[in-house]
There are 2 protein chains.
Amino acid sequence: MTRVRDLSEEQILERIVPLLPRGSATLLGPGDDAAVLAAPDGRFVVSTDVLVEDRHFRARWSTGYDVGRRAAAQNLADIAAMGARPTGLVTSLVVPGDTELDWVTGFARGLADGCASTGAGAVGGDLSGGPCLVVSITVHGDLEGRSPVLRSGARPGDVVAHAGVRGWSAAGLALLETGLVRVPLSSAPLEVTDGVLLEDEWERLVTAYLRPDPPLAAGVLAGQAGATSMLDLSDGLLRDAGRVARASGVRIDLDAGAFAKDREVLRSAARAVAAATGLGDPGWGPGNADIDGLVGRWIWAGGEDHGLLATFPAGTRLPAGWTAVGQVHAAGQEDDGGEAGPAVTIGGEALDVGPGWDHFRA
Amino acid sequence: MTRVRDLSEEQILERIVPLLPRGSATLLGPGDDAAVLAAPDGRFVVSTDVLVEDRHFRARWSTGYDVGRRAAAQNLADIAAMGARPTGLVTSLVVPGDTELDWVTGFARGLADGCASTGAGAVGGDLSGGPCLVVSITVHGDLEGRSPVLRSGARPGDVVAHAGVRGWSAAGLALLETGLVRVPLSSAPLEVTDGVLLEDEWERLVTAYLRPDPPLAAGVLAGQAGATSMLDLSDGLLRDAGRVARASGVRIDLDAGAFAKDREVLRSAARAVAAATGLGDPGWGPGNADIDGLVGRWIWAGGEDHGLLATFPAGTRLPAGWTAVGQVHAAGQEDDGGEAGPAVTIGGEALDVGPGWDHFRA
């Protein structure tokens, strides 16, 4: 088994670079002091994100491929959230010397697959030893002549819309933490005791955690359709919606019944996780309220789905991939006290939505 | 004393962001999912570099300020080495929870001072906990309509030229390792026994190691003057010159007497380091050959000065900051064996330049 300490940096790069996408905006790729990327409209969008082992991923669950996919996804989502099209990225990778070379080449393949739908290139990087795995990616995008879609542009009367999956990543993490799904994932679904192929569904949730697949094209479509604000949902819907509300000086009211399809997908996993974690009456196990509470927590507070939240002027025909999930109101308009009301409400109410909510601090 | 674990990420960012330069190319600064930078000629140059504690710096020698300066310098040097003008950078910072907040604000100030001469902005970043300090910076530059200056463009007959200091960083590191200079540096020079203010000179060398100051403007001037190749000298002159020679398919011959001024600066430090490390006859101490050997090693093999090496067509009037240090020849032209000759020679000879060279593997 080859470990990275057995090879020089140049030998490792020789194995990685051929795995990486060149990219359609790349004017000069890896190998010199710097790369050169096209920026056709005279501007470019840039964002950086760092992933640290045991903070943002666990090596016992995530392969190198998974970490590459995740790193690409969460960075590309930041570009999409500006309404921009990703053009290229650079990567700093810190790896302990005893890391298997296969982890590093797997990482490169994951990065490449994460970029595949976008045409973005992996145009440069730096590699170093260190005490734990650290991945820092900087990604760039092209606004194609449009204005960037900021967090601060939501206006009262706008429709709030969502693209991507909701709560899947949090559910997938819970399935791993409770041992209900083990990695590596099997390639064939397993039949469970009641005769329903539930584990296939569960594996989709775990995959959403390990290899998030943000709705990158939906970001560009939102920009083209005149979205007034947008952001990447990385820290949970309520928390991130609060950022838009505060930046825009508005209140966001989310529909209590939104995300019906996601709830349906999450329900069997929530029942199993609730039972495995001892929710409910010791004799009877979790009831519907426990299960609904868990689904609600994943939907409203679950992080790392990397879906997109945007606002559109009332009457906008929502582009493909987007679903209306709420309304923008003037800030504090229904509040008769001295303090401004909550920045985000669900069905007009503050965030008390049943069991489980005590674990969440907005 | 405030440590980073006592504050939220947002609270830390509130202290850092005001310290950072906005930058003249910044269209949208920190605070949204991504920043927007101007790229007036429809392209941009991008490079990334990572610094890991105990690999690239030592926290007992380098303050947060020093690490910020160093991180900015070595990244900006990569942009200058393309003949580009730096426009903006983003930073990923991994800090253990027990790091003092002052380290982080010092880092931000160092980053700002490192950028000050360029007008580049610090437009975004990410902050995470982790087991050791890791700094990853991605920097961008504007070619102002010029072609990027690659490593592969040197042609036989070109003049080889150098900008910046040579060997200072390696000498500064040796002064720290031998305990001849201690940090933090005093603000006033100290008089030594022979009545000469040598330690003032030594502190300049240590400063060159802790806070490299690359000749950034010289990179742009070289691009304007038609440099045929250029690179940032980070791994030692011979090793980096070898990269240009191989990429260009040429041989580079460096003048044996080049860098006379740097040798003069280095000589008193070399004498002291040679004595402190027991070079020379046990009774007599180091002789001139030992001292010259050490100076030679710092000049030819010392890393991290982040000077620039470039080639210019014969007859070019070298721009400000550049000194001729050699010639480009056709590869292997003086070699009568089957193998190609060495890619880099000094005064026409291979790399055997006296004592100390056994420690260097080209």
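A Cβ is built for glycine as well, from the same backbone N, Cα and C atoms used for every other residue.
What TrEMBL says about a protein is an automatic prediction, not a curated fact.
Positions annotated as Mg(2+) 3 binding site by TrEMBL: A:D33, A:D78, A:D232. Among the features that TrEMBL reports, Mg(2+) 4 binding site is placed at A:D33, A:S47, A:D78. The Mg(2+) 1 binding site annotation in TrEMBL covers A:T48, A:D49, A:D126. The Mg(2+) 2 binding site annotation in TrEMBL covers A:D49, A:D78. The substrate binding site annotation in TrEMBL covers A:H56, A:E304, A:W357. Annotation comment: TrEMBL describes A:G125, A:D126, A:R151, A:S234 as ATP binding site. According to TrEMBL, the feature Mg(2+) 5 binding site maps to A:D235. What TrEMBL records for A:31-141 is domain 'PurM-like N-terminal'.
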Minimum Cα separation from A:D126 (Mg(2+) 1 binding site), reported as the residue among binding-site residues A:D33, A:S47, A:D232 that achieves it:
A:D33
Whole-number answer please: how many Å between the C-alpha atoms of A:E304 (substrate binding site) and A:S47 (Mg(2+) 4 binding site)?
17
Mean pLDDT, the domain 'PurM-like N-terminal' (A:31-141)?
96
If you count, for each of the binding-site residues A:S47, A:T48, the other Cβ atoms lying within 10 Å of its Cβ, which residue has the minimum?
A:T48
For A:D33 (Mg(2+) 3 binding site), name the DSSP secondary structure in the helix/strand/coil scheme.
coil
Among A:D49, A:D126, A:R151, A:S234, the binding-site residues in question, whose Cβ has the most other Cβ atoms within 10 Å in this structure?
A:D49
Considering only the binding-site residues A:T48, A:S234, A:D235, which residue has the minimal Cα-Cα separation from A:D33 (Mg(2+) 3 binding site)?
A:T48
Report, in sequence order, every one of the binding-site residues (A:S47, A:D49, A:D78, A:S234, A:D235, A:E304) having a CB within less than 8 angstroms of a CB belonging to chain B; if no such residue exists, report 'none'.
A:S47, A:D49, A:D78
Under 8 Å Cβ-Cβ from A:G125 (ATP binding site), six or more apart in the same chain: what's there?
A:P30, A:V90, A:T91, A:S92, A:L93
Around the Cβ of A:H56 (substrate binding site), the count of other Cβ atoms that are within 10 Å
20
Where does A:S47 (Mg(2+) 4 binding site) sit by DSSP, helix, strand or coil?
strand
Same-chain residues at least 6 apart in sequence whose Cβ lies under 8 Å from the residue listed as 'Mg(2+) 5 binding site':
A:G303
Which residue, of the binding-site residues A:D33, A:D78, A:D232, A:E304, has its CB surrounded by the fewest other CB atoms within 10 A?
A:E304
Maximum Cα-Cα separation in Å among residues A:G125, A:D126, A:R151, A:S234, which the record lists as binding ATP:
32
Pairwise CA distance, A:S234 (ATP binding site) versus A:H56 (substrate binding site), rounded so that it is a whole Å:
12
